[in-house]
């Protein structure tokens with residue numbers, strides 16, 4: 001038996017640490033697997049060794065393993081074999097087709113933390129270089145669904161929405177969910193937090209209400225009020241996806257077949273019958289051309305058909321932010337204002353009604369081609385606002401909150417136009433970087449207000465942006481980013497007059 005020394009450090013996998021003398025006595029090396037047992041619990045962990053941190057007869061156990069070992073005081077340790085899934089990952093590297101059982105084995109080992117970070121990286125890299133075929137992608141999706149919690153609804157149809165992302169200010173779920181729920185359809189929207197953006201849908205909803213719920217609670221709220229906006233990471237829905245996303249982010253790659261499976265596994269796990277996929281398209285987005293978007297749309301609809309889920313994809317304009325705000329509180333205030341009045345930025349209104357309308361048609365509430373009008377009626381009548389307040393209350397928020405009640409960062413700075421002219425370029429990536437420098441999404445009150453968008457007339461000295469932050473130093477960092485100029489960076493907004501350049505360039509040109 002080894003005395004347990006808990007390490008209060010989360011590392012995303014099961015890992016233990018032995019004194020080097022104990023490891024040598026057992027014939028173990030760093031990176032080997034060991035079976036760790038205590039009364040009522042056991043798991044397989046990756047071994048690390050030390051000469052000083054842990055004494056002989058002791059074992060250091062990191063947070064994830066310590067928690068699942070029921071915070072045991074002592075444990076037994078023995079050598080464990082390598083998972084068979086490692087050989088299947090090598091098969092993928094060698095371009096060999098995998099069977100359904102082999103794919104299920106890989107996913108199971110990902111879920112149960114049986115793969116080291118290096119082995120997981122090898123799987124992701126192999127998937128990136130050698131895409132899975134449609135059959136393998138279906139098996140991967142089903143395995144991701146089956147290894148986590150699932151929600152089964154008694155009432156149908158159940159509809160859902162997903163966005164490919166890449167566009168700042170894409171707050172449309174804050175309108176789509178209440179519009180669809182107000183129509184009588186069920187929409188259990190599980191969403192992500194921002195990883196590289198200025199605010200995911202879960203970050204936005206958290207301005208109004210808690211977003212961390214179990215799968216059973218998501219089902220209960222959805223069946224009670226028609227919809228929910230929850231953080232998927234708080235559930236055990238498609239748990240393999242969370243670990244894969246973290247590794248993909250570290251490697252800065254996004255394997256295509258893995259992306260397809262990730263999208264559809266989450267939707268299949270919540271019991272969706274129909275899904276609309278928002279596909280922002282244009283320069284600076286993940287789908288820069290309509291051709292790329294159409295390929296993805298076909299693959300998603302084909303995968304949905306294999307899984308028994310009806311999928312429709314909507315290619316949307318992604319060349320500039322949706323609405324005129326970026327950052328959680330600012331975006332929620334803008335969305336809530338539109339729900340209260342039915343009016344607001346055209347890009348936000350049009351996109352929200354278009355996506356909601358597609359879901360109303362897919363759910364049988366509206367005839368083909370009539371969904372937009374039906375969604376607009378729900379918005380203008382105030383039904384969508386009332387439904388969002390029901391959802392907010394069901395999730396533990398204040399149902400009486402108004403848009404003007406939402407606080408934004410008190411430290412603010414306007415970025416002014418240097419000249420008369422028109423907005424001729426708008427760089428989404430730079431807007432996101434500025435909002436993050438101001439503190440978003442961690443600081444819910446931080447972000448950017450956009451005063452001028454593509455094609456709009458602007459006079460010298462008029463505000464282009466207002467940056468909001470809760471601290472002076474973050475505001476200063478964000479303001480500095482607006483004026484950065486080098487070969488690799490673009491300003492967030494480019495303003496040009498009608499005269500772009502004069503030639504020849506002499507100070508006193510010749511006269512006739």
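Every residue, even glycine, has its Cβ placed from backbone N, Cα and C.
As recorded in Swiss-Prot:
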type: BINDING; residues: 166, 192, 193, 194, 195, 196, 197, 201, 262, 286; note: AMP binding site
type: ACT_SITE; residues: 254; note: active site, proton donor
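What Swiss-Prot annotates, mapped onto the structure for a quick look.
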residue : record                    : DSSP class
166     : AMP binding site          : coil
193     : AMP binding site          : coil
254     : active site, proton donor : coil
262     : AMP binding site          : helix
Express the distance between the Cα positions of residue 166 (AMP binding site) and residue 254 (active site, proton donor) as a whole number of Å.
13
Between the Cα atoms of residue 193 (AMP binding site) and the residue listed as 'active site, proton donor', what distance do you get, rounded to the nearest Å?
17
What does the structure give for the C-alpha distance between residue 195 (AMP binding site) and the residue listed as 'active site, proton donor'? Integer Å is fine.
13
Can you grab the distance from residue 262 (AMP binding site) over to the residue listed as 'active site, proton donor'? Cα atoms, rounded to a whole Å.
11
Can you check which residues sit near residue 254 (active site, proton donor), meaning Cβ under 8 Å from its Cβ, same chain, 6 or more apart in sequence, and list them in order?
128, 248
What is the biggest Cα to Cα gap, in Å, among 166, 192, 193, 194, 195, 196, 197, 201, 262, 286, the residues listed as binding AMP?
19
Restricting to the same chain and to sequence separations of six or more, state which residues have a Cβ under 8 Å from that of residue 197 (AMP binding site).
165, 168, 432, 436, 441
Please work out the number of neighbouring Cβ atoms within 10 Å of the Cβ of residue 166 (AMP binding site), leaving out its own Cβ.
21
Find, among the binding-site residues listed as 193, 195, 262, the one whose Cβ has the highest number of other Cβ atoms within 10 Å in the structure shown.
262
